[in-house]
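**Student:** Sending over a structure as structure tokens; questions will come in a sec.
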Amino acid sequence: MTDLNKVVKELEALGIYDVKEVVYNPSYEQLFEEETKPGLEGFEKGTLTTTGAVAVDTGIFTGRSPKDKYIVLDEKTKDTVWWTSETAKNDNKPMNQATWQSLKDLVTNQLSRKRLFVVDGFCGASEHDRIAVRIVTEVAWQAHFVKNMFIRPTEEQLKNFEPDFVVMNGSKVTNPNWKEQGLNSENFVAFNLTERIQLIGGTWYGGEMKKGMFSIMNYFLPLKGVGAMHCSANVGKDGDVAIFFGLSGTGKTTLSTDPKRELIGDDEHGWDDVGIFNFEGGCYAKTIHLSEENEPDIYRAIRRDALLENVVVRADGSVDFDDGSKTENTRVSYPIYHIDNIVKPVSRAGHATKVIFLTADAFGVLPPVSKLTPEQTKYYFLSGFTAKLAGTERGITEPTPTFSACFGAAFLTLHPTQYAEVLVKRMQAAGAEAYLVNTGWNGTGKRISIKDTRGIIDAILDGSIEKAEMGELPIFNLAIPKALLGVDSAILDPRDTYADKAQWQSKAEDLAGRFVKNFVKYATNEEGKALIAAGPKA
């Protein structure tokens, strides 16, 4: 049994006093009772659905609030954090000690004199590199969310649990002094890396707790040579590990969920001396337009103990997954064991030998697959390119490019080159190969079929792509296979998908120019300058 007096003393040390009751690491059964009990109002209220899962609403914040993210500027962080600047804008905005203290007072005052849920868990399935996290909240479903998403400790581990990091969620409190303090709004998500505390105020979005700890892992791990990656990962029958990087909508979750392979995790991983390990104990999947036919694993994971966010629940308790009226970013969190085909008992495996960068190129320029050199690996990892098709007022669909460093710029706490260095070092030590896979469009105007993309992934994973005869794509100087089993050969060279190759040429020159322009921000040191040669020639 955990000593609750010890927990209360630790809360007092944080500035949380006169707690009415501590509900410590509640069971799923208890959480279900707490979040559906009569009398709950507003965003605290959970609704039971016919799936067996409880649904909650997060209010106006149906996604993360990057404009309200701050890190305390101090001796520890001033030369390590990748601070936002005019030349390279990002979400790491500095906060002074006085402002931090006033926010901490607001949150601790909000949590004092209340009945609190305290959930202890781990971030990271590696004993050496995990962080012991304590989450303190007055809201039952927020405790449920973190129980789903972090790694659940054993009774034995809880006996001597010492938190390395504390998340204090004060979603009910806002900051009245934000204007004088020069902040973005009355809401805040603030981190103090010296005190090892995250404060949340004003936003009820569950993902702030998950991605907050990801940002923390992204700070501490690379500084000791351990990879911290925004990727999914799976392992084959022979123990061969693949990792899939990609921004939202590129196929990261879909392509790593493979009946022939066991899932390590779907979103956040580390790479240490033993191999690849999941940071999380659960999954946080998008549910918009979810169907059993298209994504059976996720669909079946939505049952008792899963927690739905911002979905529309009909009068009879059924869920309308096609209704995006609250947000397109409808979500579900569930413990990872709700998926059958997973690595057990610990979400970790050996070193990755295949590293796949997924991009959905709406310009129709990039090949469906290319093999990268070590220099190209760093270049395309730092570029983190994808593109969406957005309709314009005249009905023309224009591609909008996104360049997100390391396929996860929103969560990087250190300079992107540090993640690239660790990744390539780990890859070289493991003899891993890297591939750029375009799940987007080509000259036909259609999206590359999921059948062809799965065929490409199979060829990478079974090694047959290594035996393929290779050609080279000009401008980008990418190595592309001439034929792959189970893949339509007519699409492998994107130039062949255009009625007129000159069309590809002009689009390729346009896209190459965008890559070059984006990469300027990395050419501020010698290493960055050296990588320019690995990129496209504008």
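Glycine too: its Cβ is placed from the backbone N, Cα and C atoms.
Reproduced below are the annotations present in Swiss-Prot:
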BINDING   Arg64, Tyr205, Lys211, Arg331  substrate binding site
BINDING   Lys211, His230, 246-254, Glu295, Arg331, 447-448, Thr453  ATP binding site
BINDING   Lys211, His230, Asp267  Mn(2+) binding site
**Student:** Other residues with Cβ within 8 Å of the Cβ centroid of Arg64, Tyr205, Lys211, Arg331 at the substrate site?
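**Tutor:** Near the substrate site, beyond Arg64, Tyr205, Lys211, Arg331, sit Gly63, Gly206, Gly207, Glu208, Lys210, Tyr284, Asn329.
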**Student:** According to DSSP, folded down to helix, strand and coil, what is Gly246 (ATP binding site)?
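**Tutor:** The residue in question, Gly246 (ATP binding site), is strand (DSSP, three-state).
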**Student:** Given the binding-site residues Arg64, Lys211, Gly246, Arg331, find the one whose Cα is closest in space to the Cα of His230 (Mn(2+) binding site).
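**Tutor:** Out of the listed candidates, the nearest Cα belongs to Gly246.
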**Student:** Just to verify a number: CA distance, Thr254 (ATP binding site) to Arg331 (substrate binding site), in angstrom, no decimals.
**Tutor:** 15
**Student:** Compute the C-alpha separation of Arg64 (substrate binding site) from Thr250 (ATP binding site), stating it in Å without decimals.
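**Tutor:** Checking the Cα atoms of Arg64 (substrate binding site) and Thr250 (ATP binding site) gives a distance of 19 Å.
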**Student:** Spatially, which candidate from the binding-site residues Gly246, Ser248, Thr250, Asp267, Ile448 is nearest to Lys211 (substrate binding site), comparing Cα atoms?
**Tutor:** Asp267
**Student:** Based on the record's binding annotation for substrate (Arg64, Tyr205, Lys211, Arg331), what whole-number value in Å is the widest Cα to Cα distance?
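**Tutor:** Per the listed residues, the maximum Cα distance equals 14 Å.
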**Student:** Taking only same-chain residues 6+ apart in sequence, whose CB is under 8 Å from that of Tyr205 (substrate binding site), what do you get?
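**Tutor:** Within the chain, Tyr205 (substrate binding site) has Cβ neighbours under 8 Å at Thr58, Phe61, Thr62, Gly63, Arg64, Ser65, Glu309.
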**Student:** Ile448 (ATP binding site) to Asp267 (Mn(2+) binding site): how many Å between their Cα atoms?
**Tutor:** 23
**Student:** Which whole-number value in Å describes the distance between the Cα atoms of Lys252 (ATP binding site) and Asp267 (Mn(2+) binding site)?
**Tutor:** 8
**Student:** Around the recorded Mn(2+) site, report the further residues of that chain (criterion: Cβ within 8 Å of the mean position of the Cβ atoms of Lys211, His230, Asp267; site residues excluded), sequence-ordered.
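**Tutor:** Filtered neighbour residues, in order: Lys210, Phe214, Glu268, Gly408, Phe411.
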**Student:** In whole Å, how far does the CA atom of Gly246 (ATP binding site) lie from that of Asp267 (Mn(2+) binding site)?
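**Tutor:** Between the alpha carbons of Gly246 (ATP binding site) and Asp267 (Mn(2+) binding site) there are 10 Å.
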**Student:** Pop the Cα-Cα gap between Asp267 (Mn(2+) binding site) and Arg331 (substrate binding site) into the table, whole Å please.
**Tutor:** 14
